[in-house]
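Note sheet for the following structure.
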Amino acid sequence: MIWHVQNEVFILDSTRIFMKAFHLLLFNGSFILPECILIFGLILLLMIDSTSDQKDRPWFYFISSTSLVMSITALLFRWREEPMISFSGNFQTNNFNEIFQFLILLCSTLCIPLSVEYIECTEMAITEFLLFILTATLGGMFLCGANDLITIFVALECFSLCSYLLSGYTKRDVRSNEATTKYLLMGGASSSILVHGFSWLYGLSGGEIELQEIVNGLINTQMYNSPGISIALIFITVGIGFKLSLAPFHQWTPDVYEGSPTPVVAFLSVTSKVAASALATRIFDIPFYFSSNEWHLLLEILAILSMILGNLIAITQTSMKRMLAYSSIGQIGYVIIGIIVGDSNDGYASMITYMLFYIAMNLGTFARIVLFGLRTGTDNIRDYAGLYTKDPFLALSLALCLLSLGGLPPLAGFFGKLHLFWCGWQAGLYFLVSIGLLTSVVSIYYYLKIIKLLMTGRNQEITPHVRNYRKSPLRSNNSIELSMTVCVIASTIPGISMNPILAIAQDTLF
């Protein structure tokens, strides 16, 4: 009898929760239509996987890619609409958030065709891989629009947990297991530090969790200049610094890049930085509005450390993926300049434009590493020597992406860095910009060193990996070559059309 009553109570409570969720989705669903499309794609993937066999594998790629493209389309149709707050203040929709959501969707859309050949050759489980990619994308999109501390944390952990699972996806690989363990432990520690910072904000603001209400609460309690705010700022900066791979919180990055499957590294190298940058801009700009001088100083120090350490240590690396790991640490230091400049002097517009170029440059480089690794089984920089003699297209396209990452004209990376540094110079960040320019020159050195190896024709320098190199036919109908071509074009042509792209970013933001 007691069990029967408890069962009825459980059913009634479950029904109320379901009806409340349905009511919220019915009246607020249009505000998260791109996210809803991804959720529908996830459900469809699970249903097909449970009722199909291996012959239906192409459908998994098609459904995932279609969901992402439809989500981008829904986002573009919503462009330039008035800012809206939905779900009882938990989620905010505006142009600024939507730009970051677009960048995350673009990363995922390019990463899926980049991953197909690798998955086919290594015989990895396809369904789970795509589920983790889509769920991480979903977490990143919710993180961009999150408007309160709880939603920020849940969305961040959704993205982080999928990242941990993806990094350890090749569970029989010892290096992958080591990378996952380090990533999980350090990621958990950084999340704890971040939440501790959130708890200080919650307490000092009088129990507020919405970002704008935290500011109002700090004014009401007159705690906006208290030592507690400085403590909260330090803890939150450390937590976000880990997510962005800023020095000195970058120790996990090289090991995770080296041990994880290459398509996973390509995905994490761009999406994690886009999502964390979106979080950083909103967290620092809104709750810490009254502490702008303090967080500017903190970010300047971290950016300088990242640019110097990242680029100097990259010179000594022998693994291509580890070199790109340290390179990405230096690259995020450049992005921080845009965050510090902010609304003034087109800081955000130049930062977003550079991140768009960085996505193309980085994914283009990783696409070539995937293809070279599948054909030779090596990741050593020395083993790329003489690749031009065997595969000119692969060597030239890799060289273009590396030159663009280094910032040589007339490629996209040069114009992206030029405008970012110019915005920083106008804002008075002379020392920071000077360090950025010097470290950019250093980065050109190690990129050119790789390009020199690619183009060498001397037999004594060509390794057996390249001597025995064979352009084996692709199993996946040239999907990886599609990503390669798109990324190469995006890494070169936008340099010529920099002004229109920047004008679109400025017009959208302001």
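These residue numbers are counts, starting from 1, taken along the chain as shown.
For all residues, glycine too, the Cβ spot is worked out from N, Cα and C.
Feature annotation from Swiss-Prot assigns transmembrane segment to 24-44 (among others).
Away from its own ends, the transmembrane segment (59-79) comes close to residues 33-35, 37-38, 40-42, 44-45, 48-49, 52, 93, 95, 98, 101-102, 105-106, 108-109, 112-113, 116, 126-127, 130, 133-134, 137, 479, 508 of its chain (Cβ-Cβ under 8 Å, at least six residues beyond either end). Annotation comment: Swiss-Prot describes 59-79 (among others) as transmembrane segment, evidence class sequence analysis.
Annotated transmembrane segment per Swiss-Prot: 99-119 (among others), in sequence order, evidence recorded as sequence analysis. Within the same chain, residues 34, 61, 64-65, 68-69, 71-72, 75-76, 126, 129-130, 133-134, 136-137, 140-141, 144-145, 261-263, 266-267, 270-271, 274-275, 277-278, 352, 355-356, 359, 363, 366-367, 370-371, 374, 474-476, 479-480, 482-483, 486-487, 505, 508-509 sit at least 6 positions outside the transmembrane segment (99-119) and bring their C-beta atoms closer than 8 Å to a C-beta of that stretch.
The annotation transmembrane segment is assigned in Swiss-Prot to 124-144 (among others).
Listed as Cβ neighbours of the transmembrane segment (184-204) (distance under 8 Å, sequence separation of 6 or more from its ends, same chain) are residues 149, 152-153, 156-157, 160, 163-164, 214, 217-218, 221, 223, 226, 228-229, 231-240, 242-243, 249, 251-252, 287. Taken from Swiss-Prot, the feature transmembrane segment applies to 184-204 (among others).
The transmembrane segment feature in Swiss-Prot is assigned to 229-249 (among others); the stated evidence is sequence analysis. Within the chain, the transmembrane segment (229-249) has long-range Cβ neighbours (under 8 A, six or more residues past its boundaries) at 156, 160, 186-187, 190-191, 193-198, 200-201, 204, 218, 223, 272-273, 275-277, 279-280, 283, 288, 290-291, 294-295, 298-299, 302-303, 305-306, 308-310, 328-329, 332-333, 336.
The transmembrane segment annotation in Swiss-Prot covers 262-284 (among others).
With a threshold of 8 Å between CB atoms, the same-chain residues lying at least 6 positions outside the transmembrane segment (295-315) that come near it are 233-234, 237, 241, 245-248, 250, 284, 288, 323, 326-334, 336-337, 339-340, 429, 431-432, 435-436, 439, 442-443, 445-446. Per Swiss-Prot, the feature transmembrane segment maps to 295-315 (among others); the stated evidence is sequence analysis.
As annotated by Swiss-Prot, transmembrane segment applies to 323-343 (among others).
If you look up Swiss-Prot, you'll see 354-374 (among others) marked as transmembrane segment, on the strength of sequence analysis.
Marked as transmembrane segment by Swiss-Prot: 395-415 (among others).
The transmembrane segment annotation in Swiss-Prot covers 418-438 (among others), and the record cites sequence analysis as its basis. Long-range contacts of the transmembrane segment (418-438) within the same chain, counting only residues at least 6 positions beyond its ends with a Cβ under 8 Å from a Cβ of the stretch, are 300, 303-304, 307-308, 333-335, 337-338, 340-341, 344-347, 350-351, 353-354, 407, 498, 502.
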Does the transmembrane segment (354-374) come near the transmembrane segment (124-144), with 3+ Cβ pairs under 8 Å (pairs 6 or more apart)? no
Please indicate, using numbers and ranges, the residues of the same chain that are 6 or more beyond the transmembrane segment (262-284) and have a C-beta under 8 Å from a C-beta there. 96-97, 100, 103-104, 107-108, 111, 114-115, 118-119, 133, 136-137, 139-140, 143-144, 152, 156, 159, 163, 166-167, 169, 211, 236, 240, 243-245, 256, 292, 295, 299, 321, 324, 328, 332, 335, 339, 342, 348, 351, 355, 358-359, 362-363, 366-367, 369-370, 373
